[in-house]
Ligand SMILES: [Zn+2]
C-alpha cells in the first residue's frame with residue numbers, strides 16, 4: 001500500500017466520537033461504499049503500519065544535530081594532515097598555479113606561515129622536499145637525506161617552533177633524482193628494487209633521527225616497510241616513530257598539480273610498474289595485507305574519492321589500525337575548478353568529499369583543504 005493510499009484510507013476510518021450506529025443504519029450507496037472502504041482500510045492500514053514501519057525515516061534526521069548523529073565518524077581537526085612543500089631557497093614563497101591557495105615555501109617562511117594555523121588547531125603536517133637547484137639531483141637521490149636539505153632542516157625547525165605539532169615526512173626519491181622515478185634504476189630504466197629499498201629506508205631513517213614523528217614511504221618499492229621497520233628497531237627508535245605506508249597508491253592523472261608543486265615528473269616513462277593500476281582492487285588488498293605484516297602502523301589509500309571502495313577494504317583489512325586517505329592535488333584542483341565554474345559551492349563540496357572519505361572508513365585525511373577546515377570546523 002502506498003503512503004498516499006494510506007492517508008486517503010485514514011480519512012474514511014470512524015472517528016472515536018462518531019455515532020457509529022447512525023452511520024451503519026444508513027442505506028444509501030455512498031454510505032455502503034464508505035463502510036466498505038473503511039473496513040478495508042482498517043485492515044490494510046494496520047498491516048501497512050506494522051509491515052512498513054521501517055519506511056518512516058525522516059524523523060531520525062529532521063534536526064541538524066540529529067543529522068550529524070547519522071555519521072559513524074565526524075570530521076575533526078585532529079583527523080587532518082596538511083601537506084607542505086619546502087624548497088631549498090630559504091626565502092621562497094611561490095604560489096602553485098595548478099594547486100589553488102597552495103605555496104612552495106622556504107624555511108624562513110615556514111614558521112610565520114604555520115603560526116596562525118597552529119593557533120587555529122592544526123595538529124599535523126606532512127613535509128615534501130622540493131629542491132629547486134637542479135644541480136643537487138642525481139641518479140641516487142642523494143639530496144633526499146642531506147642534513148642541510150629542506151626536509152631535515154624543516155623537521156628540526158618545526159620541532160623547536162611547534163612542540164605540539166605532529167611532523168610526518170613523505171619518504172621518496174623522485175623529487176631528488178635526475179630521472180624523476182621513485183627509486184634507483186637498472187640500466188634498462190626499470191626500478192632496482194633491492195637498491196631502492198636500501199636507499200629509501202636510509203632516507204626514512206635520516207628523517208626519523210632528525211625528529212620526525214612519522215615517516216611515510218610513498219615510493220611503492222616492494223619490501224620497503226619491512227626494511228624501514230627493521231632499521232628503526234635496530235637504531236632503537238622504533239618505539240617513537242610511526243610508520244605510515246602509502247600501501248594502496250594508484251597511478252593515474254590526479255597527481256598533476258602535485259608534480260607541478262614538487263617538480264617530480266619522471267623524465268621518461270611513467271610509474272605504472274610500481275604504482276597500482278586503477279582497476280587493481282585485489283592487488284591493493286594484497287599490498288595492504290603485506291604492509292601490515294611488514295610492520296606498518298597506518299595504511300594509506302591514495303587518491304581518495306575515486307577509490308572509496310579501497311578505503312573501505314583498508315578499514316576491513318586493517319580493522320585494528322588507523323586508515324589514512326590522501327585527498328590528492330587533482331581531486332582538490334577539480335573541486336576548485338568546478339566551484340569556480342559555478343557548478344557547486346566550494347565549502348559544501350569540500351565537506352561532502354571529505355565526509356565521503358570518512359564514511360568509507362578513513363579516520364586520517366591528508367588534505368589541501370586543511371587550512372579552510374580549521375576555519376570551517378570552528379562554526
Ligand atoms: Zn616518488
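Placed from the backbone N, Cα and C atoms, the Cβ positions cover glycine too.
Look at TrEMBL and you will find 1-39 tagged as region 'Disordered'.
Taken from TrEMBL, the feature compositional bias 'Low complexity' covers 13-39.
The active site, schiff-base intermediate with substrate annotation in TrEMBL covers 249 (among others). With a cut-off of 8 Å between CB atoms and residues at least 6 apart in sequence, the same chain places 218, 220, 275, 276, 300, 301, 302 near residue 249 (active site, schiff-base intermediate with substrate), listed in sequence order.
Using a 10 Å Cβ-Cβ cutoff, residue 302 (active site, schiff-base intermediate with substrate) registers 25 neighbours. Under the heading active site, schiff-base intermediate with substrate, TrEMBL lists 302 (among others).
Under the heading 5-aminolevulinate 2 binding site, TrEMBL lists 329, 368. Secondary structure at residue 329 (5-aminolevulinate 2 binding site), taken from DSSP and collapsed to helix, strand or coil, is helix. Taking a C-beta cut-off of under 8 angstroms and a sequence separation of 6 or more, residue 329 (5-aminolevulinate 2 binding site) has the following same-chain neighbours: 98, 99, 254, 255, 256, 257, 258, 261, 368.
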For residue 249 (active site, schiff-base intermediate with substrate), the three-state DSSP class is strand
Per DSSP (helix/strand/coil reduction), residue 302 (active site, schiff-base intermediate with substrate) sits in strand
Neighbouring CB atoms within 10 angstroms of the CB of residue 368 (5-aminolevulinate 2 binding site), all protein chains considered, total 26
Once DSSP output is merged into helix, strand and coil, residue 368 (5-aminolevulinate 2 binding site) belongs to coil
